Amino acid sequence: MVSRLLIISIQPIPPPSSSSSSSLTSLHPDMILSLAAAMSSGGIPQNTTSSSPFDPSPLDPWLDPYPDPYPDLPGVNASSSDVPGRTYTSDLDLRPLTSQQDVSPWDVALCVTGTLIACENALVIAVLFYTPTLRAPMFILIGSLAFADLLAGLGLILNFVFTYLVEGEVVTLVATGILIAAFSASILNILAITVDRYLSLYNALTYHTERTVLFTYLVVGVIWLVCLVLGVLPALGWNCLDDQSTCSVCRPVTKSNAVALAVFFLLVFALMMQLYLQICRIAFRHAQQIAVQHQFLAMSTTKGVQTLSVILGTFATCWLPFAMYSIVADSSYPIIYTYSTVLLAACNSVINPVIYAFRNPDIQKGLWLACCGCVPSNLSLRPRARTSSDV
């Protein structure tokens, strides 16, 4: 019947006559109504044609009010299953279909920074471990700080690997836990070093008898216990994997957890500022009390104040932007701000070995002995006593 319709549509229309006009008008009124409805709707609905064109079934195009005029042409008013090997979607998707995720330059920068952090702090740990004379409480705290920064560097490397090479929620939670524990330990160890320096000046006469190695190991153990608890919180359910609307600037950490960690950092920073102000007051008071060594102590105190300015300025510059941004922002903010603040915070672990380890003359001697087996003439082989410039 479809061929009959096509023949009728192709043949030239003869001049109108009363007999032909009446026959066409009365021949197929359903067909005329069907074609008019199809033209008004902008297309001809599809249907499955009958296997026999002369079978008077409900699938006959003469009886079906919505026939398919092109049953043998795939892709014309056809469903996605009519064309094998091709998928049709309801919306146009202009995103390129790539089998490999593009590597962000920010992630590369964080991975390179993590590698530098790991190498620096591994060197500090090796020097402290292989130098028997570096077993004082101060060096234990420096070693704990170096281990925390080493773990942070490895966490940045693992985060890059897990992002682009290994997929899954488990590895994401593992990388997040390592970074939270490592950076928290780094901040708390810096606070412990600050307290140690304050006590060494405030109780200069009894410092070496009260601050024993055992006591320092206990302090380090408490620090790492607290940081491990903070690190496992995301794996215990304190994450936003099930509810993306609660995510912070660092997925999968929730907004509330990020704010709590930022407030914790601000409290640590405020305590450090208070302690270093007290250290400056004690150092200046010592310089005024001992008149005989006034000139020497004045020079030493000036150097100590400069060191304090470098320590506090570096710590604030690296961590304050990320802490404040974690409080005011959420996951809807541009990702470039998150990357820039995280990279700046990671740079603090790059600078820590320079401030707390490589400036120390005793560690410098260990480095010289490990590298070339000699010590420069300006460095004494005997461990020197702490002065106010060591703050």
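Each residue's number is its place along the chain shown, starting with 1.
Placed from the backbone N, Cα and C atoms, the Cβ positions cover glycine too.
Marked as domain 'G-protein coupled receptors family 1 profile' by TrEMBL: 120-356.
For 106-131 (among others), the entry in TrEMBL reads transmembrane segment.
The transmembrane segment annotation in TrEMBL covers 138-164 (among others).
Look at TrEMBL and you will find 170-193 (among others) tagged as transmembrane segment.
Under the heading transmembrane segment, TrEMBL lists 214-238 (among others).
The feature transmembrane segment is assigned by TrEMBL to 258-284 (among others).
Taken from TrEMBL, the feature transmembrane segment covers 305-328 (among others). Here the transmembrane segment (305-328) has long-range neighbours at 187, 190, 248-250, 258-259, 261-263, 265-266, 269, 272-273, 276, 279-280, 283, 337-338, 341-342, 344-345, 347-348, 351, 355, 389, 391, meaning same-chain residues at least 6 beyond its ends whose C-beta is under 8 angstroms from one of its own.
Below 8 angstroms of C-beta separation, residues 104, 106, 109-110, 113-114, 116-117, 120-121, 123-124, 127, 142, 145-146, 149, 152-153, 156, 183, 186, 190, 193, 249-250, 310-311, 314-315, 317-319, 321-322, 325, 364, 367 of the same chain, each at least six residues beyond the ends of the transmembrane segment (334-358), sit close to that stretch. Annotation source TrEMBL lists transmembrane segment at 334-358 (among others).
Here the transmembrane segment (106-131) has long-range neighbours at 139, 142-143, 146-147, 149-150, 152-157, 159-160, 163-164, 336, 339-340, 342-343, 346-347, 349-350, 352-353, 357-358, 363, 366-367, 369-370, meaning same-chain residues at least 6 beyond its ends whose C-beta is under 8 angstroms from one of its own. Two recorded stretches are said to be in contact when at least 3 C-beta pairs lie under 8 angstroms, sequence spacing 6 or more; the transmembrane segment (258-284) and the transmembrane segment (170-193) meet this definition. Mean pLDDT of the predicted structure over the domain 'G-protein coupled receptors family 1 profile' (120-356): 87.
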